[in-house]
Amino acid sequence: MPENGLQTLKQVEFNTISVSFGCLSQRIAELHRHLLLSTSYFGSSPHLKPENLPQNDTIAGLASGLGAAHAAYVSTGGSSTSKILFVIQPGERNVFDQKWLEYELLEKHNIHAVRQTFEELITSSSVDPQTSLLTVSPKNSPEKDIEVSVVYYRSGYMPNEYPAPEYYETRFRLESSKAIKCPTIPLQLAGGKKVQEVLGRKGLVERFLPDHPQSQIDDLRRTFMDMWGLDEDSHSAVGEVASSPPPSASAKANGDAASTEPLGTLKARKEYASLVLKPQREGGGNNVYKEDIPAFLDGLAPQEREAWIAMRLIEVPKGVKGWLVRAGSLDFATSTPSERAVQAEIVSELGIFGWALFGEGKVVGEEEVGWLVRTKGKDSNEGGVATGFSVLDSVLLV
């Protein structure tokens, strides 16, 4: 909430690969409803009543999207016994979030899944050069040459997941097949921070919403935060830049003036206290915040600037408090009261899940299917659950 007190919706980001915690977010919503029915939360708030805790059916919704992709594959000549391939990380920690999807696919859609890491797929996967049919033969499995209808990536979004050329070759092998990819490489790249930044420029959203009135497009654009690339050097991409800051340490050392830097970098130096720098990465823990920005820019090689965007930090509501509970902290035999739960000033982030199926240059189907709430301490910069910065939460209507 800005200082003027006006509450507005602001977009943080959009993700197009390995969007996690959909299943666990449903379970958290069910947990909170169960606690309400069993304890009434001991009368702690008049807002805590059943009608204010909305249903969250993300599991069925996400499975319906994968099921629609499987059905589309079968309708074009694929085998009805083909399976959905879950591409997972080694030692997968988020297996329980994924398993609910597998169960839903099997029990409601009669679709089986097979789980493989990139390392396993190097040797277990193959694509027929004539038919583009993708098959996998998992090691130690009695089944061989399993036909794959959908490649569902729950990994493959971080550089360290491609440690050698054969990992890239495996990704391209999967991409070259006729199996439906979730996502394709282009769609994964569309979720990059640079794309988000470019979409915020005037005239870009209109290209994709030609049939919408300008008033609706303006409302949508107002949800975007101010963003620009560090390598951008035009006012049309960066906006106005205040008077130049003093030369950086590296510029002084090289005898260069800071003004030789592009406008995007100069603006980030000037306004660092209200910014976050984001690379083209997913997975959490990659961003640079506020007071850490000047020193980071000093050490950033000029050729690396195009990999980073600057984003205005969202002003969050003040004075909102809550209790944060972490896994394993409720062991009363070994933990102290302060370790079991922490009361803090908090901020929550709402995510909306959806799926879209594309084919032959058009959208075959799309649906909004559920939601996720992540809550963290207000002073925590990062927001990832798996990385330990935030906790799963649910919606309370007031």
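Glycine residues also receive a Cβ, built from the backbone N, Cα and C atoms like all the rest.
Checking TrEMBL for region 'Disordered' across the ranges 69-92, 165-188, 189-212, 237-260 points to 237-260. ILE314 (ATP binding site) sits 15 Å from ARG374 (substrate binding site), taking the CA atoms of both as reference points.
Of all the binding-site residues listed (GLN98, GLN280, ASN286), GLN98 sits in the most crowded Cβ setting, with the most other Cβ atoms within 10 Å.
Within 10 Å of MET311 (ATP binding site), counting C-alpha to C-alpha distances, fall none of the binding-site residues GLN98, GLU282, ARG374. Here GLN98 (substrate binding site) is positioned 25 angstrom away from GLN280 (ATP binding site), judged by their C-alpha atoms.
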